[in-house]
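Asks: Structure below; questions to follow.
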Amino acid sequence: MASLPLGPQPHALAPPLQLHDGDALKRRPELDSDKEMSAAVIEGNDAVTGHIISTTIGGKNGEPKQTISYMAERVVGTGSFGIVFQAKCLETGESVAIKKVLQDRRYKNRELQLMRPMDHPNVISLKHCFFSTTSRDELFLNLVMEYVPETLYRVLRHYTSSNQRMPIFYVKLYTYQIFRGLAYIHTVPGVCHRDVKPQNLLVDPLTHQVKLCDFGSAKVLVKGEPNISYICSRYYRAPELIFGATEYTASIDIWSAGCVLAELLLGQPLFPGENSVDQLVEIIKVLGTPTREEIRCMNPNYTDFRFPQIKAHPWHKVFHKRMPPEAIDLASRLLQYSPSLRCTALEACAHPFFNELREPNARLPNGRPLPPLFNFKQELGGASMELINRLIPEHVRRQMSTGLQNS
């Protein structure tokens, strides 16, 4: 297997920004001409913790201008993109997360353009943005987002560190919301996230609401236009990406979400490859050697390549004996070699594995109500009535019709 010509195998985390990736950063003639980003450029923003940042928002369409000040409290994430820090709004006391990224003055930031119109309970919301400069005259874009204190990665680690499995109810609740967020971004703005993993899934520990975050690798995929294949963190990377496909679809996110589901069920990554070639080996050990047709669906250039013939490992043997059969069935529908055979995010939401969440008396284990799960809007646009009826429980439909009559 080591001779597979699968391209470079650097770090587990693919670089979030590739300038040769289509329109990774859209060309902009003049930075200051973007009226929606008319916030003042803040100077002297070298320090983070304890630093106070003041910026002006509003002032469009006759709105009054408003000064908002943030006190930077602590760094919560770092990467090749820059840093994310928690801050407190001094005017309201509200906690926010600010992602600070180095900005090329010649381009628009794609993450900002994609996040602006997004509005969904399971997607992190962008409050506003502003620019800041350092003493070295570097320009930074600051994305101000809602602050959610936990990640799915840390929640899972809480269980595994004490040799426990995540309760199956929480596996259902968290993965359902992941698919609901993906259903929204895939259908409404038409965005592929391209880096779905536990670290990019935020969890509110009180409400157990899940939010998809970090759109630094995200892109609107246009049919016929090539994209980079070296994308997505390794353990969650779809096989067509490992095969070097450049005309992939949003089904790469479905594969990643399937890997997250399996990880929550197992307590560890399903495909823990040490490099790109080993990643494919780990997948083949479970799914077996792909057929010629499956290889053609992933990347037609590989159909004549000879792979060692390995039989698929039965899914029920991948998981422990007491695993609900619905969980195994869902994992098998998500983790398919052929991208077109993977179920869509909406179809995943309707899967029987999540039926417990649709019960009229469904509650959190502590008796509190569930986070919003059925307030679908635009993402149902292309769905069949049969699918909609499976997605929205009868008791919710009755409430909706009663509400409409009363209004």
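The count begins at 1 with the first shown residue.
The backbone N, Cα and C atoms fix where each Cβ goes, glycine too.
Dumping what Swiss-Prot says about this protein:
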- 1-19: compositional bias 'Low complexity' (COMPBIAS)
- 1-23: region 'Disordered' (REGION)
- A2: N-acetylalanine (MOD_RES)
- 70-354: domain 'Protein kinase' (DOMAIN)
- V76, G77, T78, G79, S80, F81, G82, I83, V84, K99: ATP binding site (BINDING)
- Y230: phosphotyrosine (MOD_RES)
Asks: What whole-number Å value do you get for the CA-CA distance of S80 (ATP binding site) and Y230 (phosphotyrosine)?
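Replies: So the Cα of Y230 (phosphotyrosine) lies 15 Å away from that of S80 (ATP binding site).
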Asks: I want to verify one value. Collapsing DSSP to three states, which class is V76 (ATP binding site)?
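Replies: In three-state terms, V76 (ATP binding site) counts as strand.
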Asks: Would you please pick out, from the binding-site residues V76, V84, the one with the fewest other Cβ atoms within 10 Å of its Cβ?
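Replies: With the binding-site residues V76, V84, fewest surrounding Cβ atoms within 10 Å: V76.
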Asks: Identify, among the binding-site residues T78, S80, the residue whose Cβ has the fewest other Cβ atoms within 10 Å in this structure.
Replies: T78
Asks: Calculate the per-residue pLDDT averaged over the domain 'Protein kinase' (70-354) and state the result as an integer.
Replies: 95
Asks: Just jot down the residues in the same chain as G82 (ATP binding site), at least 6 apart in sequence, with C-beta under 8 A of its C-beta; none if empty.
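Replies: The list for G82 (ATP binding site) reads K99, K100, V101, L102, F140, given in order along the sequence.
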Asks: Give me the count of other Cβ atoms within 10 A of the Cβ belonging to Y230 (phosphotyrosine).
Replies: 17
Asks: Where T78 (ATP binding site) and Y230 (phosphotyrosine) are concerned, what is their Cα separation in Å, rounded?
Replies: 20
Asks: Should V84 (ATP binding site) be counted as helix, strand, or coil on the basis of DSSP?
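Replies: In three-state terms, V84 (ATP binding site) counts as strand.
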Asks: Can you grab the distance from V84 (ATP binding site) over to the residue listed as 'phosphotyrosine'? Cα atoms, rounded to a whole Å.
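Replies: So the alpha carbons of V84 (ATP binding site) and the residue listed as 'phosphotyrosine' sit roughly 24 Å from each other.
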